[in-house]
Amino acid sequence: MEPATAPRPDMAPELTPEEEQATKQFLEEINKWTVQYNVSPLSWNVAVKFLMARKFDVLRAVELFHCYRETRRKEGIVKLKPHEEPLRSEILSGKFTILNVRDPTGASIALFTARLHHPHKSAQHVVLQALFYLLDRAVDSFETQRNGLVFIYDMCGSNYANFELDLGKKVLNLLKGAFPARLKKVLIVGAPIWFRVPYSIISLLLKDKVRERIQILKTSEVTQHLPRECLPENLGGYVKIDLATWNFQFLPQVNGHPDPFDEIILSSLPPALDWDSVHVPGPHAMTIQELVDYVNTRQKRGIYEEYEDIRRENPVGTFHCSMSPGNLEKNRYGDVPCLDQTRVKLTKRSGHTQTDYINASFMDGYKQKNAYIGTQGPLENTYRDFWLMVWEQKVLVIVMTTRFEEGGRRKCGQYWPLEKDSRIRFGFLTVTNLGVENMNHYKKTTLEIHNTEERQKRQVTHFQFLSWPDYGVPSSAASLIDFLRVVRNQQSMAVGNLGARSKGQCPEPPIVVHCSAGIGRTGTFCSLDICLAQLEELGTLNVFQTVSRMRTQRAFSIQTPEQYYFCYKAILEFAEREGMVPSGHSLLAMDGQ
């Protein structure tokens, strides 16, 4: 089925021949995607909106389309019902509105009144829904599409209780790269002294071009940037606004016409199964040749800077359970907690004083929910918890990427029997060593777990990777790539022995992966596994996206820029070995930088 290109409607905005041609190209590209996901083709007018925002640069407009779609999906901005609560009250709060005047260039003027925002009263996702809804009403106008948007952030009369750093970051990210509007400038008016610190944090996330458009002004300075005819009275202008009633005009007669993006957002991922993964192909995936060119362009310093962009992002979620006084002794490192939202919960048992806490997180793999459990190297006081987790999660494979000691420091406890036929008892679980195989770069141990309460036995394969240096990263990824393949094969074979599971009737049990803290080498191993799986299936991958999404599940995954750079290096090394690029060609990008 070939993608259909939407015809130019009679009421479409007037475009130049070049702009019309760009619109046709954009629709051809996007509608390949809509056909793939079996959704309605994008309309001509919607296409023009995205192209206007990027001055009819087709590639940049396609990127914007996917950023907009992904942002709406991520923030739950779908099937909006402005006449229903809580969205109706948020729209009518007046904290955000579109003025009924334009600046001298014809740009629309959006106004956010900070003193009306009370984070403890308004759910952040509802605030974002209202913001999207009202901005969409503004850019329905061809004049706004053509002439852009001025955003005023009015902080007059506000205090710290009205400010929400995470919301501010999301709004700026939206305006700079995820909404179809030309952002002309952002005027921050009447900012208190305390605002300098959070603004310095936010500004680090912005490109220079966007940062140049942001100006922090005193109230008396606003008229130097916009005439009084364009400003509300409280900012020295002539525009009368009753914030309590002004936004009534933006409510539709009924809940409005269906939003074409609802279908696109809801259908852009596979059906919502219980085991959907965050690691699915995204819009910015690179081919292997594009990756080579990208690394050559960015060089080592640029890749390190890319990691810093990831590192600066605040963790998504909370750490209440990890930081609970009763659980602190179960954390190997005080600064490596695990997220409440993805933590593995142990079953509490009668007669035992244990909590359900272990420093371990469920992590998705490529197109597989909970493919891994990322965890710290077990402590003596958590051995029993570790094996209980392995039993309860029906784990078949354990991957250890550290030694017991490195650089004279203890990295992990000896939580399994090392010698053949030896056994260790952990409560009602007894672990027996059935045999050890010593390879060049790793050790493979077959273990049997006997649950004396349930009178059941299971086999688990334990791999210990031995070729990671005490400091830094391996000079070559060859041994790790080989090791990864061995682990994959063992998991596939073990799952196949389970019968029904191998036919996809229920999700595979996770692979337990740990190092010492459970974030550095663990994150590197899992990132490489995900990227190579996508590369082998589709011929594309995105390291930045993979690591960013991974950190939403196992916070702080990949600890250093060196480990992040190693992921790129390992992928290129793999591609060269597999003949995806000419021998020696890809690694030229990695040398001497």
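Heads up, the Cβ atoms here are built off N, Cα and C, so glycines get one too.
Secondary structure at C515 (active site, phosphocysteine intermediate), as computed by DSSP, is coil. Annotation comment: Swiss-Prot describes C515 as active site, phosphocysteine intermediate, evidence class sequence analysis.
Residues or ranges marked as domain 'CRAL-TRIO' by Swiss-Prot: 84-243.
Each residue in the domain 'Tyrosine-protein phosphatase' (303-574) has a pLDDT score, and their mean in this model is 92. The feature domain 'Tyrosine-protein phosphatase' is assigned by Swiss-Prot to 303-574.
What Swiss-Prot lists as N-acetylmethionine is M1, and the listing cites similarity to another entry.
The region 'Disordered' annotation in Swiss-Prot covers 1-20.
The number of other CB atoms found within 10 A of the CB of C515 (active site, phosphocysteine intermediate), across every protein chain shown, is 26.
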